[in-house]
Ligand SMILES: [K+]
Ligand SMILES: [K+]
């Protein structure tokens, strides 16, 4: 139950007493939170500059936009394309890149630093997950993240520019492509039109490319790196296999369910040929788990689809990715732990491997903190606004899971509610455990108490 | 992780081979489910008899009413007082008594049978929880449940009859008192008026008495028995102390929150003097965790109150009680396990006692199965009905947690939806683990696999 967040051993490693004073002792949750907060502060200032916008925006609008960009959420209170100047859009693009890529890089550094700090068993775990053990390879690995991301984005920019060049001319095609490639790979969900990607709902090349980018970004770095290094299924780690299979299964199941739910909805897919129905069902099946782009009018989808989308947002994507939610790994462990208990087995297993008990406890803690956060968010917004429960639940889930889908109330809710959404995006991006870290100061206890029994269920 | 539901060792005890054929081997979940199903079937038949009702009802209405009575839920599709004859009301009263008391008695038998079956450690646990170890005392203990319940009900009947006799005359006062006493102590929430107890919202004696009855009934038998036997706080078991403190805290906090949320709502408490506001806030703070009676118009309460009530219904009351929900013990363990993890402690503790790991796993399993059940129920009802999300979520939670509060849509939803509600009441009463028992056949596995790592959160 120790080591719930890997410590950066640059900061923690014990040094000779004489050197101690020079060591700055901050744990990763603190560094992470401070880094994101600083980035948001800088972003807020830059976006508030007169030449960042076509018409003046309020401080709250600036804070909301900067937070949404840094946390790669994509919820907006102003129309991004119409409000911001070229400078403003460049700032937003950089905030997205720093928030998305920066987080992935930091997560890698934090996870890899496990290697030098703890016992052989954990080193083997770190090796299995990260394929890295030595501190020497940290730099190389972090570099690999950056290179992989930039290469993926560059390919997307080239492809989109070629597709759009006849329509929009070279400069506009290139600029738009860059914005969308960065926004998509980082699962940011930022768009240039108030309709989202609805204008492109029949440009299958664009919507499929965007969805491929954010599905990859949402897998999580360790999975991408594992695939990139190993290339063969049988060589993949248990975690990589689990994430890939779960992603495939959930995406296809969700596509089928949403297709059925929207089949007769003339406001969404009812009037389309079957292949456009398929592409848009696919898009709205995969977008809720991290990206937040929409090719259909989210508010016009059936309420049943909205309820189903709540579940997808709650689950989220891979760990150490641009996605939010409780994360796919957590979801898998919750289901496996329940199944294990019902079958009266002793240990949770996955692909013939045992899942350690403390990971199950971690999954439990993540889920409870997350449920608590969401409940408080919904409850607060219900009190502050006279809006339908479904819209508020959707908005709160979307912010907490850094998804960015909205049924259209983001700009409509009270200022206090928008500040709450800012907090939810921030907390959702840092993850429930980082939040929990600030709530409960870690403190080890060495007393052992006799066992008791509590009635459950 | 074994022994998630205590086996009845009358059925499980190994006998000499020659006697084996005579032994009927059914596990408690099967017996429990079959018993409830049989009771519901008999109830459905009896309530469908021509002389059970003033005007004919459909089979679905009969099934719904019988299920609601046996599972002590209190959701209704017909106006109980106006629809059923004296015979019908007697049948309903008996169904409530059998469903509520029968379950408690059975639960006691099941829990106590732990004693003869398993190791010394569990015997000590059983002793701590039930204050009983020997098989000989089962009969005595089960008898104590019945006697305690009947005494409590008898006192309530006498008190209410005296209060009402001037108003209603002796016979009516006695009959109504009996109906309400049984309905209240078993947390059934059945009433004789379509307005619930709204007509009595200023008869503070009645509403407080009813709330005291269902709060006691919702504590769970083992707590009541523990208090009855020990009488002193310091002698109470850890479980008893935890349940009493949590009940007190949740009830008072909920009372304050609901009072604030309804303060300006002229459809509920805004026009009342402060003491009636207090009594009715108290009533609606305690009713969602098991009882389902209402002294205010549930549908007229603010949507914020409805959202808060969802949480109370989800938590529910004590184990082995007339309440539903995930149960208070489960809720406490979930919170404690999360807190333990965040503080990086090794073991979950409560009142200087260690909570065994398999109880934490049980709490996790209960919660996940329950969340799955509720989500599927809400999703299905959203598809089948064009009704607001808040009303459907409220109805599904109310049925699954056998609460019986409604925002007024029970009779309005489609027949298929009513059948789903019947299933949810049934599943909710049996408990998520009994349901899980049928989904996953228990099977022990003796292979041990190497440890793996899964990224979580
Ligand atoms: K997003
Ligand atoms: K009830």
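Cβ atoms are placed via backbone N, Cα and C, with glycine included.
Listed ranges A:205-227, A:274-296; the one TrEMBL annotates as transmembrane segment is A:205-227.
Sequence-distant contacts of the transmembrane segment (A:239-261) (same chain, at least 6 residues past either end, Cβ-Cβ under 8 Å): 128-129, 215, 219-220, 222-223, 226-227, 233, 269, 277-278, 281-282, 284-286, 288-289, 301-302, 304-305, 308, 312, 315, 317-318, 328-329, 331-332, 350-351. A Cβ distance under 8 Å defines the sequence-distant neighbours of the transmembrane segment (A:59-78), meaning residues of its chain 6+ beyond its ends; these are 36, 39-48, 92, 95-96, 98-100, 183, 186-191, 291-293, 322, 324, 395, 398-399, 402-406, 410-411, 415, 418-419, 421-422, 425-426, 428-429. Distant neighbours of the transmembrane segment (A:205-227): 100, 104, 107-108, 111, 129-131, 141, 144-145, 148, 152-153, 156, 159-160, 163, 180-181, 184-187, 197, 236-237, 239-240, 243-244, 247, 251, 279-280, 282-283, 286-287, 289-291, 293, 295, 317-323; these residues of the same chain sit at least 6 beyond its ends, with a Cβ under 8 Å from one of its Cβ atoms. Remote same-chain residues near the transmembrane segment (A:311-342) are listed as 72-73, 100, 103-104, 107-108, 111, 185-188, 214, 217-223, 239, 242-243, 246-247, 250, 254, 285, 288-290, 348-350, 355, 359-360, 362-364, 366-367, 370, 374, 397-398, 400-403, 405, 428-429, 432 (criterion: CB distance under 8 Å, separation of at least six residues from the stretch ends).
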